[in-house]
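*Asks:* Got a structure here, written out as structure tokens. Questions coming.
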Amino acid sequence: MAEQVALSRTQVCGILREELFQGDAFHQSDTHIFIIMGASGDLAKKKIYPTIWWLFRDGLLPENTFIVGYARSRLTVADIRKQSEPFFKATPEEKLKLEDFFARNSYVAGQYDDAASYQRLNSHMNALHLGSQANRLFYLALPPTVYEAVTKNIHESCMSQIGWNRIIVEKPFGRDLQSSDRLSNHISSLFREDQIYRIDHYLGKEMVQNLMVLRFANRIFGPIWNRDNIACVILTFKEPFGTEGRGGYFDEFGIIRDVMQNHLLQMLCLVAMEKPASTNSDDVRDEKVKVLKCISEVQANNVVLGQYVGNPDGEGEATKGYLDDPTVPRGSTTATFAAVVLYVENERWDGVPFILRCGKALNERKAEVRLQFHDVAGDIFHQQCKRNELVIRVQPNEAVYTKMMTKKPGMFFNPEESELDLTYGNRYKNVKLPDAYERLILDVFCGSQMHFVRSDELREAWRIFTPLLHQIELEKPKPIPYIYGSRGPTEADELMKRVGFQYEGTYKWVNPHKL
């Protein structure tokens, strides 16, 4: 194996930036203003401010970039610094750079539905160096209930008249098809589609982005990536912790809206889509939309819903169930686990079940895509062979591995399960991978929308799940209880077995490399 040359974080992201621009220069001479709407909130202090700091520290932001925080709270830059700096992971050697970063920060207090507040924000931005000509990037780190008022006021009072204007919208993008359509229609009446960046941070993860390269840059996968060879596809998202005092927010949306309708469905698209004409943003998103249009609405008999209960043998939080969270409404029937089977009704995937599983308080932290292949025809090993699987492990410990049969070492001629393994932490141990938010925010500065959700994608995603969500809200079925720290309801395993997935339980991938 060739030795990897150590690359700094700046070099890695710089290469990415060069790829995004396809050789064009990154316009360091332009003035940019990055406006964080909702600057006093958790998302801002834990994710957005740290991400902007990392990009600034590594020289990846345009040279003349200013950061403006906006929220209702009467704060100062010192307050913002106190809240967010613990998440920066800054070293003592970066002290001067940190001072330079906060010197570029400012803060404006104002209401979200008050025109005068936005006029004051605009005056503040115009007063910055070349601020009236600056490119403006608005990050809506806000609850969706204020999106309409905020976007309307931004459009009326805060748009740059010379530079470009871009807006980043955080999920949830509505609660169902109808509310999503209303929000999309409102935002699209104010901004062009090329100005709107609907962010799903999973699309910024290394292994999710690797799906396209894995599929379309390797000849070996093309002939087998179809219904003739693949028996089923399993997309999994597991968290080993519960709501831990944040159940009030979660209860409003539930696990399907929180994870399945966005993260897992986006990964499904990348697995199932046809080869795009190019890596141009719209070429890629066109193919994703085609996949979604081939998926029918979820059928109730292909759904299992669960809710975690305390583990009597556990410790600490593990002893508490979802309903023990004081922020959760008493008697809530909101699901913390869901397993859903979808079918892509086209020539490539006809009859192949796509199984989406996600949940809280499960036995491990894991997100992965697993393709299970059909049994080998003409078995000569007396049913000792297990199905081959290709696994793309998104988190933790990014990896691609193929589960396959090899001869068991020794005197006997017996097959046993093993794997061909590419663990990123070992093969690329000197490469510093950018955080998902770093990659995506850099994409917005560069104007690349490939890893953002287009309005027609969003509409099709909600079309698939809205009837099920409405049925759940109307009938309020009681979710199946499962123990904190388990694999989830056994009924989910039974559903997967019914549609064709074979779970042997005899093999578990173990990271073979000390990271």
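Every residue, even glycine, has its Cβ placed from backbone N, Cα and C.
Dumping what Swiss-Prot says about this protein:
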ACT_SITE  H263  active site, proton acceptor
BINDING   G38, A39, S40, G41, D42, L43, A44, K45, R72, Y147, K171  NADP(+) 1 binding site
BINDING   K171, H201, Y202, L203, G204, K205, E239, D258, K360, R365, Q395  D-glucose 6-phosphate binding site
BINDING   R357, K366, R370, R393, Y401, T402, K403, D421, L422, T423, R487, Y503, W509  NADP(+) 2 binding site
MOD_RES   A2  N-acetylalanine
MOD_RES   S8  phosphoserine
MOD_RES   T10  phosphothreonine
MOD_RES   K89  N6-acetyllysine
MOD_RES   K171  N6-acetyllysine
MOD_RES   K171  N6-(2-hydroxyisobutyryl)lysine
MOD_RES   K403  N6-acetyllysine
MOD_RES   K432  N6-acetyllysine
MOD_RES   K497  N6-acetyllysine
MOD_RES   Y503  phosphotyrosine
*Asks:* With the cut-off set at 10 Å between Cβ atoms, which of these recorded positions ends up with the most neighbours? Options: K171, H263, K403, R487, K497.
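*Replies:* The largest 10 Å Cβ neighbour count belongs to H263.
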*Asks:* List the same-chain residues at least 6 positions away in sequence whose Cβ sits under 8 Å from the Cβ of R357 (NADP(+) 2 binding site), in sequence order, or say none.
*Replies:* I234, L235, T236, F237, K238, A338, A339, G488, A492, M496
*Asks:* For K360 (D-glucose 6-phosphate binding site), what is the tally of other C-beta atoms lying within 10 angstroms of its C-beta?
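*Replies:* There are 26 such Cβ atoms around K360 (D-glucose 6-phosphate binding site).
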*Asks:* Among the recorded positions K360, Y401, R487, Y503, whose Cα is within 10 A of the Cα of K497 (N6-acetyllysine)?
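*Replies:* Near K497 (N6-acetyllysine) by Cα: Y503.
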*Asks:* For the binding-site residues D42, E239, which one has its C-beta crowded by the most other C-beta atoms within 10 angstroms?
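*Replies:* It comes out as E239.
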*Asks:* Rounded to the nearest Å, what's the C-alpha distance separating K403 (NADP(+) 2 binding site) and Y503 (phosphotyrosine)? Just drop the number here, would you?
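*Replies:* Each residue's Cα considered, K403 (NADP(+) 2 binding site) and Y503 (phosphotyrosine) end up 13 Å apart.
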*Asks:* Assuming the binding residues for NADP(+) 1 are exactly those in the record, G38, A39, S40, G41, D42, L43, A44, K45, R72, Y147, K171, what is the maximum CA-CA distance in angstrom, rounded?
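*Replies:* Comparing all Cα pairs, the maximum is 21 Å.
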*Asks:* May I ask for the distance between Y202 (D-glucose 6-phosphate binding site) and D42 (NADP(+) 1 binding site), taken between their Cα atoms and rounded to an integer number of Å?
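*Replies:* Cα of Y202 (D-glucose 6-phosphate binding site) to Cα of D42 (NADP(+) 1 binding site) measures 19 Å after rounding.
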*Asks:* Compute the C-alpha separation of K89 (N6-acetyllysine) from K360 (D-glucose 6-phosphate binding site), stating it in Å without decimals.
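*Replies:* Distance between the two Cα atoms comes out at 27 Å.
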